[in-house]
Amino acid sequence: MKDLRFGRLKCYSLHLGILPLTVLVLVFFCFVCLSLRSQEWGHPGAVNRKAYPQPRVLTPTRTDVLVLTPWLAPIIWEGTFDIDTLNEQFRLRNTTIGLTVFAVKKYVVFLKLFLETAEQHFMVGHKVIYYVFTDRPADVPQVPLGAGRRLVVLTVRNYTRWQDVSMHRMEVISHFSEQRFRHEVDYLVCADVDMKFRDHVGVEILSALFGTLHPGFYRSRRESFTYERRPQSQAYIPWDQGDFYYMGAFFGGSVVEVHHLTKACHQAMVEDQANGIEAVWHDESHLNKYLLYHKPTKVLSPEYMWDQQLLGWPSIMKKLRYVAVPKNHQAIRN
């Protein structure tokens with residue numbers, strides 16, 4: 001009888017131990033299911049039945065520019081996409097886009113125009129989180145935001161040299177991608193603050209990994225690119241290699257791919273620093289090295305990075321979407 005009672009007691013204790021564990025597993029499973037962004041099972045949502053012109057296989061959308069890379073990544077120009085169709089696809093996925101921008105030291109003066117024009121032209125109709133990194137949080141302007149859009153201010157330290165501010169951007173984005181961004185957004189767009197949005201910049205740019213053609217080199221041969229040419233640097237690219245020259249002021253992709261890019265660039269810069277060398281164009285040099293060997297899945301045309309004051313407005317550019325703001329570089333950087 002004693003053995004029987006002891007056996008029942010053990011069984012009862014076992015049940016008591018299993019029950020909380022089962023509840024914990026079920027709670028965790030439900031949390032994971034709810035947390036999988038853009039991967040919900042069930043009804044795919046309402047589909048837009050709007051009529052649009054049929055794509056014509058024998059009629060290219062643009063014949064004056066390259067629209068496809070050798071690795072089959074599209075190059076995004078005006079006339080190569082249907083934004084209504086793309087908007088519908090990304091809304092069905094309930095996409096949230098993060099836009100990172102660094103407004104450090106005197107560069108905070110550009111933030112108001114940047115945010116105001118972003119509200120007019122950047123990812124209109126989609127959920128957006130602006131991540132503003134600054135050493136002057138009190139100077140961040142109050143800009144009215146549309147529905148589904150919010151601003152997050154994140155405090156960072158400043159550096160004496162503007163080059164160091166630029167290079168440490170990679171470290172900061174890498175850290176926050178892993179610790180925060182991956183829980184809040186689906187895509188990241190990393191932009192310079194001393195710019196303004198002049199025309200539509202939308203979901204046509206979104207992809208696993210995208211880079212933007214430098215407006216000063218999109219017509220040039222690789223021998224003219226200002227890659228880092230010293231073999232001692234981790235950013236080194238030989239003279240006989242290179243696809244395009246990418247601008248460091250506008251890049252992005254999925255959070256995981258941006259994390260990989262920024263982490264690799266930061267680690268390369270740390271190694272260069274240990275060896276007493278600094279790449280010719282700092283983080284941009286390392287960005288170009290990374291995108292040479294980790295091909296972007298989309299390439300943005302210079303419509304998405306232009307300086308009209310320096311380059312005018314050539315006829316090949318049907319739209320100027322993201323443009324430089326006139327400034328005194330020396331006064332701002334010092």
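Backbone N, Cα and C atoms are what each Cβ position is placed from, and that goes for glycine too.
As written in Swiss-Prot, here are the features:
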| type | residues | note |
| --- | --- | --- |
| ACT_SITE | E284 | active site, nucleophile |
| BINDING | F102, A103, V104, Y107, D192, V193, D194 | UDP-N-acetyl-alpha-D-galactosamine binding site |
| BINDING | D192, D194 | Mn(2+) binding site |
| CARBOHYD | N94 | N-linked glycosylation site |
| TOPO_DOM | 1-15 | topological domain 'Cytoplasmic' |
| TOPO_DOM | 37-334 | topological domain 'Lumenal' |
| TRANSMEM | 16-36 | transmembrane segment |
Cβ neighbours within the same chain of E284 (active site, nucleophile) - under 8 Å, at least six residues apart: Y246, M247, G248
Three-state secondary structure, the residue listed as 'active site, nucleophile' (per DSSP): helix
Maximal Cα-Cα distance (Å) across residues annotated as binding UDP-N-acetyl-alpha-D-galactosamine, namely F102, A103, V104, Y107, D192, V193, D194: 11
A103 (UDP-N-acetyl-alpha-D-galactosamine binding site) - helix vs strand vs coil (DSSP): strand
Reduced DSSP assignment, D194 (UDP-N-acetyl-alpha-D-galactosamine binding site): coil
Neighbour-count leader, CB within 10 A, binding-site residues: A103, V104, V193: A103
Cβ neighbours within the same chain of D194 (UDP-N-acetyl-alpha-D-galactosamine binding site) - under 8 Å, at least six residues apart: Y107, F110, A324, V325, K327, I332
C-beta crowding around D192 (UDP-N-acetyl-alpha-D-galactosamine binding site), within 10 angstroms: 20
Neighbouring C-beta atoms (10 Å sphere around the C-beta of N94 (N-linked glycosylation site)): 13
Alpha-carbon distance [N94 (N-linked glycosylation site); D192 (UDP-N-acetyl-alpha-D-galactosamine binding site)] in Å: 26
Cβ-centroid neighbours of UDP-N-acetyl-alpha-D-galactosamine site F102, A103, V104, Y107, D192, V193, D194, 8 Å, sequence order: V101, V108, F110, L111
Segment-level pLDDT (mean, integer) for the topological domain 'Lumenal' (37-334): 94
